[in-house]
Amino acid sequence: MMTFEARHKLTYGLDYKGNVCGDKHAHPGLHQLELKYWLNPNQVYQSGVKDSQFKLSNARSICLLDCPTPLEDSLSWVCDYPEGDIHLSMDDWIDRNYDYYEILTLGMKNASLQLQGPCYPVIFPSVNVYWSCQYIARASNASLRHWKQMGGVDIKEDIVVDKSIHSFINSRSSVLKRYMADIGKAWPVLIVCGGLLPLFLSVVWLLMIRYFVAAMPWITVAFFNILIITVTVFYYLKAGWIGNDAISPIIGDHDPYMHVFGRELNHLRAAAILMTFVMVLSILTSIAIVRRILMGTSVLKVAAKVIGEVQALIIFPVIPYSILAIFYMVWISAALHLFSSGQVVQNNCNTNCCAYDLLSEKVNCDHCCGYSIRYTPHIAVAIFFHLFGCYWATKFFIACSSTVIAGSVASYYWTRGETSSEVPVLPVFDSMKRLIRYSLGSVALGSLIVSFVESIRFILESFRRKLKVTETTPDSWFGKMVYHTSQGCLSCVEWTIKSVNRNAYIMIAITGKSFCRSSAIATELIMNNILRLVRVNVIGDVILFLGKLFVSLSSAVFGFLVLDTHKYSSGHNKLSSPLLPVLVCWTLGYVVATLFFAVVEMSIDTLILSFCQDSEEHEGTAQFAPLLLMETLNEQNDMQRLTQ
């Protein structure tokens, strides 16, 4: 319920009293009145005039059930909420199409003809655009003629009436709120396509690696290319470049000749262009690695043998998956509350916008300022830390899962794959116990360092690109200094991330040492065995990366298919854009795939690092390596293949 209220506040606008449209607790009761309508067309016009001090947020607006349209043979009115001497219930007011002009006193009618209310003429047709009534700059000639015959003041007929509301609806803050509301509406899709589907596909992929290891690299590459083409085509469809299925900001039935576009469509088109480049690059990369896939197959065979021997590894990722699922549900709920936690306050303005007050029974010019949701700087900081906390928590759970898997595989390696008195029958659970008892702090520190450093990299990269774009004076020594300094910092950050990666968690599981010490040991082992590792590890990582993309792209495709149904493309649950929910499905699918694919990934890396350490400790000859691993990592064969 609380999540619904938060989404409600993000989706609908405020009336001139500061009520959220559709709020059943508002006075008067606005339950089901979810559309925001601006009563005075001249105020809408004035807010759209260039350099005007009047803002649309200060214009008189009320909440309606549907957008009013002009009549062909008479003049229709939309009157203010019934109160004071207007003895009508809200239901009667709605049944009368918000029109009680005929029961007004003479003074009220004169004020209405001056566009001061309490009733206002419906001169322009309007359409429901994201739960706000968008004026269409196409005045009804019949209604305008009746208005002039009654002695009404001049009403501005200009495209500015259209553009003013359009600009308000498509402001960056409004689009961001709608995107967050989309997440709240699409939560069943996120659970199914972002959680359950990648879980099923990841388990199936692990089982196929176990039993059909030779065919899996080819299957993964083929399906990956098919899926990335499918996602790109979906973006083109929703962007309107293929077919007639483009997203529309208009909710409900409307004139088919009426076209209204918003920022969401531009974002989809940008995503379609980006996916086109990614698709072309991915296909070319897949073609380039086809000849080297056989090299990666031998490494996957070793991992498949380990998974077959330590069968609990296939089931183990369900534990961190369940923890992450609960965490994400709580996190998304908290995010919706944070984005909707602004305070409804009256604007500060010096505008003279007189309107008839039904309670005081006179025209009032004192309280003309509208209401808006004001966010404090503390909320912005809280949102930033909330996002960073999600990223860190995700890294932490993945690191814990990786460390447990590495400990299990290391136990398998150092006992030559045999059960001994020193290694328990269930190495996975023993590895979990060691993590909780000895290594939890090291893993938390490592995930924090990686999250913090990657955040700095993102900020520096954005800063560097902005400098590159805005730098117009090539001889500016300050600009060059800042630009090259940011490049140097980025290089340091890249080196840190490459050093402080999953190899440190592997050495934590093998040696039990602290995070920093384990990272140093892992880096030294890799540098001493770089030639041996290049061929084996790179191709294996590419295949596994394509596998993760295969699972996450499948989640995105199914998310697109579900969000394209009638439930999410029309009516109350209509999404402003499928872009963010699909990206969230893609991200969640990738995180879930990372948890499960870590079984293979960490198995390979743990076996390789264990082999390298085994060789270091026994003067270049590994003593504990299984036969299949010895054949794969035989140094003489490696050198011959590298030379070829």
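Backbone N, Cα and C define each Cβ position, glycine as well.
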**Prompt:** Looking at the ranges 435-460, 487-512, which is given as transmembrane segment in TrEMBL?
**Reply:** 435-460
**Message:** Could you check whether the transmembrane segment (579-600) and the transmembrane segment (310-331) come into contact, where contact means at least 3 Cβ pairs under 8 Å with the two residues of each pair 6 or more apart in sequence?
**Reply:** yes
**Asked** Counting only pairs at least 6 apart in sequence, do the transmembrane segment (542-563) and the transmembrane segment (310-331) share 3+ Cβ pairs under 8 Å?
**Response** no
**Asked** Is the number of Cβ-Cβ pairs under 8 Å between the transmembrane segment (310-331) and the transmembrane segment (186-209) three or more, considering only pairs separated by 6 or more positions?
**Response** yes
**Request:** Would you mind listing the long-range same-chain contacts of the transmembrane segment (186-209), meaning Cβ under 8 Å and 6+ residues beyond its ends?
**Result:** 3, 215-216, 219-220, 300, 303-304, 307, 314, 317-318, 321, 325, 328, 332, 547, 550-552, 554-556, 558-559, 562-563, 568, 575, 581, 584-585, 587-589, 592-593, 595-597, 599-600
